[in-house]
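In what follows, a single structure is set out as C-alpha cells and then discussed.
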C-alpha cells in the first residue's frame with residue numbers, strides 16, 4: 001500500500017512539473033495588447049480575426065508583385081517589399097511571411113531587428129556584406145560579437161530572432177534578395193529611427209549618457225529625417 005502511494009505521488013509530481021514546463025502564453029503577434037475589463041471588451045485579438053471559411057477564396061492566399069523591383073530612390077538606397085499578413089490575409093495563423101529587398105549600389109538595409117521572427121535571406125543578384133550582433137554577453141568583460149560575411153548569388157544567411165542585423169550592397173550593380181521570416185507579422189525595429197526619431201523624442205539627457213557624447217550631437221541626430229525603407 002505504501003509503495004502504491006509513493007508511486008502515485010511520483011506520477012503526480014512528474015505530471016505536474018511536465019505540465020508546468022510546457023505551459024506558455026502564445027507568441028505575440030503585435031507590439032502590445034492592453035487588457036480591458038470583460039464588460040468593456042470588444043473584439044481585439046493577438047493577430048487577425050479569422051474570416052468565415054465559407055467566404056474564403058483563392059485570392060486570399062495570393063500576392064502578386066514580387067517580380068517588380070522596389071524603388072531604391074531614397075537616402076538609404078534600398079527598399080523592402082513585405083508580404084506579411086497585412087498584404088496576404090491567408091498567412092493568418094500560419095507563422096510565416098516573406099520580403100523582397102532591393103539595393104542600389106551602396107544601398108543599405110540599416111541595423112534593425114525583427115522582434116517576432118528569425119529571418120533567412122537568399123541573395124539572387126549582386127554582392128552583399130551582411131551580419132548580426134549577439135545579445136549582451138553574460139561576462140561583462142566581453143563585447144557583443146559580430147557575425148558578418150559577404151554574400152554572392154545563391155548564398156543563404158540566417159539572422160536569429162530579435163538580434164540586430166544589416167545588409168549592405170558592396171557591389172557596383174543593383175542587388176536583389178528574398179527572405180523568409182518565421183512570423184505572420186515579424187515587426188521591424190530600425191535602431192537609429194527608434195532611438196533618434198521617436199515621437200515624442202527621447203530626452204537628450206538619456207541619450208547623451210547612453211552614447212557618451214555631447215548633447216549637441218544627440219540634438220543633431222534627433223533633428224534628422226529618419227527614413228523607413230518598408
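Cβ coordinates are placed from backbone N, Cα and C, and glycine is handled just like the others.
Automated prediction, rather than curation, is the source of TrEMBL annotations.
Positions annotated as signal peptide by TrEMBL: 1-23. Taken from TrEMBL, the feature disulfide bond covers 33-50. Here TrEMBL flags 64-219 as domain 'Cupin type-1'. Annotated oxalate binding site per TrEMBL: 109, 114, 119, in sequence order. Residues or ranges marked as Mn(2+) binding site in TrEMBL: 112, 114, 119, 165.
Here the features listed in TrEMBL are placed on the structure.
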| residue | record | contacts (Cβ under 8 Å, 6+ apart) |
| --- | --- | --- |
| 50 | disulfide bond | 92, 93 |
| 109 | oxalate binding site | 76, 78, 80, 101, 103, 166, 167, 168, 229 |
| 112 | Mn(2+) binding site | 164, 165, 166, 188, 189, 190, 191 |
| 114 | oxalate binding site | 159, 161, 162, 181, 183, 186, 187, 188, 189 |
| 119 | oxalate binding site | 158, 159, 165, 179, 180, 181, 182, 186 |
Using the recorded Mn(2+) site (112, 114, 119, 165) as reference, state which further residues of the same chain have their Cβ within 8 Å of the centre of those residues' Cβ atoms, listed in sequence order. 113, 117, 132, 159, 163, 164, 186, 188
Within 8 Å of the centroid of the Cβ atoms of 109, 114, 119, which other residues of that chain place their own Cβ, given that this set defines the recorded oxalate site? 99, 112, 113, 117, 121, 159, 165, 179, 181, 186, 188
Let me check the 10 A CB neighbour count of residue 165 (Mn(2+) binding site). How many other CB atoms are there? 23
